[in-house]
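First comes the structure, then the notes that go with it.
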Amino acid sequence: MSITDSPPRAGTRTARRRRSSDRGFNRGFRWIAVGAGVLILVVLAAVALFLLWQAWPALTAGGDELAAEVPRFPADTSFLGYVGPLVFGTLLAAVLALCLAVPVAIGIALFISHYSPRRLSQVLGYLVDLLAAIPSVVYGLWGFLVLAPVLTPFWLWLNENLSWIPLYGGQASTTGRAMATVGVVLAVMILPIITAVSREVFLQTPKLHEEAALALGATRWEVVRTAVLPFGRSGVISAAMLGLGRALGETMAVLMIISPGFSYSLDILAAGQHQTIAAYIAADFPESTGLGINTLIAAGLVLFVITLAVNMTARWIVARRKEFSGAN
Amino acid sequence: MNLSRFTRAGSAVAVGVLALSLAACGSDPEPEGNASDTDAPGSSETNSGEEMGSISGTLSGGGASSQEAAMNAWRAGFQQANPDATVNYDPVGSGGGRTGFGDGSYAFAGSDAALDEDEIAAAEAQCGEGGVIEFPGYVSPVAVAFNLDGVDSLNMSPETIANVFLGEITSWDDEAIAADNPDVELPGTTITVVHRSDESGTTENFEEYLHTVAPDIWTAEPSGVWPVDGQESAQGTSGVVGAAQAGQGTITYADASQVGGLGTVAVGVGGEFVPYSAEAAAEVVAQSPRTEGTSDYVYTIELERDIAGTYPIVLVSYSLACTSYPDEETAELVKGFLGYVVSEEGQQASADAAGAAPLSDTIREAILPGIESISAG
Amino acid sequence: MSAATASTTTSDATERTRALLTTADSGRRRTDRAMQVLIWCAFALAMVPLVWLLWTVTTEGIGRMSIDFLTLSTRNIFGGDPGGGIYHAIMGTLIITGIAAAISVPVGILTAIYLVEYGKGWLARSVTFFVDVMTGIPSIVAGLFAFSLFALFLGPSAQMGMMGAVALSVLMIPVVVRSCEEMLKLVPNELREASYALGVPKWLTIVKVVLRTSVAGLTTGVLLSVARVIGETAPLLVTVGVTDSINFNPFDGRMMTLPVFSYRQYHQGYAPCPAGESASCVADIAFQNAWGAALVLIGIVLLLNLVGRLVNRWFSPKLR
């Protein structure tokens, strides 16, 4: 995500009309460029097709056959019954991370776009982006060895005093390796992308709107509330969805922190209740053979479809918005 | 567009390349460097010793991940004695190891369970009639470990252990525990069970133990997957130990060598309580009878879980090989390597590195003819 | 707009207005202040994990740093042996990421050129859209894709560096396209038009003028996208496997990489030391190794980020 103005499209178009003498080179170069673009579409299609091809044996096998061949496959269920709790865990982790990250991310984006000293804003943006650059395995190490022990007393307190709230019910984990901790780590990991997209949108707020608000005697917060936030609403929504996409696919941090289980429980403080698709695949893949691998790839296909849907919705919102954001 | 910009960029690239080429002078550690204790394997009473030093080539095996730590020690010991030899071991799991051995992609394999008849038949298709070698190369005691302030050791009967891991006993001051530990002041802490989240031979073995000694309580059929839902779990031995150390009142089962500062349970067996020790664990293997009706080179044991004075929770992990290989080099490598594995220093190496219980001399005597018979052709 | 509507009967209208304005103002100012503090706090809150994490990794990892740690592999190292190092992992990471970059950069830059210089119509729109969608592919899915692709030719037990490079390319291409697209858009049209006016054909204009002008920006984009994928663990876990020896050949056999090394060491846990702690047996050596590798990895990532930003700042033409 970088900062930029709108593209110089108009000039390209005038350039297009020109004819040049060595058409061959021109055409060749053009086709190479087009080929690269098409290649990307092909790769995306290939990802879907290859996953489907490898997942097919598992998708078509009966529940009994899978139960016999695949460890941890519960008896008397179909593939859907098996992948259901995993999907639930994946969504729960992502939504939890989102709830924690979005308010903070909006704050940071506003800070960088409207509150921080002008000279510093770019550097501060880099700092937030650094959070995205840190490898997820390091988040995992940190989450398990450092963060979980620190959060445990807090989770226990929540469990003790607020257990009437459904999320805080159940038997709280004494090791902190529960969904709540995963949610916090994932929230940190998706902060940068939400911040970056929101920041872009906030910066695009029409200057006239802001100045008009100021002229009416609005304070800085009132400018933000009346001009910036309404303008950026759809951008923030799509930013949140992009963050959701990230959180859905995160593997290592979840794998290293969570104490897995397969249920539809909402008790985010309890251990052994949830597992995400990505972490499940990474945990079981090295020791799987035959149909076991097919089953894991089928789970991966489900994850792929979910993230694809979320990302496409997000991008669609962004794209739709672009068309009438010509207020500048 | 001034040119110096590009020369500056060029110099930045040059610096990068220089840094890379500097980094490119690394190497594998020198064999002499840190192996003085295993460097002189020529103790002549072991059969393998004589062949050491002359073997070369690459040997690939795979299978049970429980053997990985011991296998690292064996590979290191063998490679140091035979600098031209490389042994690879893929910790792909017992199932993967047996499959790979059956289709010939692994020259040897490790498995946490003895081969059943079908699997023997499949292996014989690869090795030839009666050509399968199977022996318990790695015997690992599994400790029942807990984290409870001020308590280092507890007595527990098999029934109590089963009830605790089932989640039936939920508090450390439960009467069942207190009755066996009159001298210990037990806190009222809640018991948190931590089990392995990955499929593992350790889990299967522990379940098998519980199923054997407390069949009325632990009714689930042993498999590599933990049967109780909703409990704390973690990946791998290190994971469960780490989780147990992180929480109060936790209890888990893990390779005895890796339980670190956790307290361990003295297990009720044959009317007394036996704390974990490598000797007591080796004893149960030595005293358990050999499976009958197998071919000469298949040495598997029927583990007896209730011999007084022995430590009954042990993971017996088998090594698989063929008596004949298509080419000379592989045969030499397998023979040399497995010879080293069962040799005294090999067993000592795995005891030091992975806390394995060393094989007794009787078992070694019984295994060696099979390994000796490995040849090409 | 605020709570100051409670005006009853006051004698003096001016007084009333003044009171209204001042009370309203103080209320609004308080909200303004409060929100300002909250927003500052949000930023500070984001900095907490960053600083905490970097601090932890540095303090835990610095103890392992030595020439040996950087130039030796872990071949023949086991248990609590504090010897050996991460050389094989560094090399694996550099080779695999290098190949991934070699695949992604040409494809990415050409696609960006297509989008900026040629693109219009449904194809360009769908490429833009799907490139964006592709940035959201979970890394583990990319790994599974590479696995499936190679399983078609080599069977399901294949593991080699090339597979990891393909998986990383899937993740890297969209990032390269996005950042390079931005950079190409920054090239002012006057430059292109001047070139056309001199009779330079379009392809030569792109190569000689557009790419030339934006080379610093493209470098930044490429460096940042390398930094993005160099820390990926999950796809390498399912495609490249693990080894403890040095392997320079990405087409044959397993390779170790820094993130996977860190994860494996963490996974290994405490080593048994029969004779207690000594110089030759350190119980928590695996965790030290994990942190050490993490420190090196973060160092590389931060360096790439820093160099990337600086290249753009120092070398890019001052256009705006």
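Numbers run from 1 along the shown chain.
The backbone N, Cα and C atoms fix where each Cβ goes, glycine too.
Automatic, uncurated: that is what TrEMBL annotation is.
Feature annotation from TrEMBL assigns domain 'ABC transmembrane type-1' to C:90-308.
Remote same-chain residues near the transmembrane segment (C:37-55) are listed as 298 (criterion: CB distance under 8 Å, separation of at least six residues from the stretch ends). As annotated by TrEMBL, transmembrane segment applies to C:37-55 (among others).
Residues or ranges marked as transmembrane segment by TrEMBL: C:86-115 (among others). Within the chain, the transmembrane segment (C:86-115) has long-range Cβ neighbours (under 8 A, six or more residues past its boundaries) at 69-75, 124, 127-128, 131, 161-162, 164-166, 168-169, 172-177, 180-181, 183-184, 206, 210-211, 218, 222, 225-226, 229-230, 236, 240, 243-248, 250, 255-261, 289, 292-293, 296-297, 300.
TrEMBL lists C:127-154 (among others) with the feature transmembrane segment.
Here the transmembrane segment (C:160-177) has Cβ contacts under 8 Å with residues 92, 95-97, 99-101, 103-105, 107-109, 111-112, 115, 131-132, 134-135, 137, 139, 142-143, 145-147, 149-150, 221-222, 224-226, 228-229, 232, 235-236, 239-240, 247, 249-255, 257 of the same chain, all six or more residues outside its ends. For C:160-177 (among others), the entry in TrEMBL reads transmembrane segment.
Summarising the annotation, TrEMBL assigns transmembrane segment to C:209-230 (among others).
Taken from TrEMBL, the feature transmembrane segment covers C:290-311 (among others).
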Intrachain residues whose Cβ lies under 8 Å of the transmembrane segment (C:290-311), provided they are six or more past its termini: 54, 57-58, 60-65, 69-70, 86, 89-90, 93, 216, 219-221, 223-224, 226-227, 230-231, 258-259, 261-263, 265-266
